[in-house]
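Database features (TrEMBL):
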- 53: active site (ACT_SITE)
- 103: active site (ACT_SITE)
- 23-196: domain 'Peptidase S26' (DOMAIN)
- 20-43: transmembrane segment (TRANSMEM)
């Protein structure tokens, strides 16, 4: 049996221990990226509240975690708080502008939403005559008005198609929402609010869909 006594060549020389440490570190980083990137872009996403449209339930600069996965398996439910994309026209020829908003799901596909005398009425198959929406999360005694100077204190009715949702902020007097820019398409929902992480004194986990009539 032949024995190979040729000396082994170490291409790193005296730097071999350092090179091994660097390689191990790079492997850890690579594995972390393989795990974190899909989670960050396809499962959970951070979101910072901007503005007062969801007060008193969510305040400016609060740090939220958005669940992007659930809506791939179930439909949005009334009362859920959602981060959405609102598309707008940047000039006469282009409509590629977009902004992220946080709003609450009020109207579901196929329903009629009626805003009358400061109240929201839902008309659907279960309530063909309409039923006033119970909204315990609202400030100002639940008063809601259309965002139309011609209808202040009056009535407005919106009919939703099979893929449309009516969204509103909880602070109805300071919210730009579906009253201004119309119903939201299902594809424009980023995900539902799962967690309020910061400030730590306001930490809250939202695991169950709220149940509000109708």
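Every residue gets a Cβ built from N, Cα and C, even glycine.
The Cβ neighbour count for residue 103 (active site), using a 10 Å radius over every protein chain in view, is 25. Within the model, the domain 'Peptidase S26' (23-196) carries an average pLDDT of 80. Reduced to three states, the DSSP call for residue 53 (active site) is coil.
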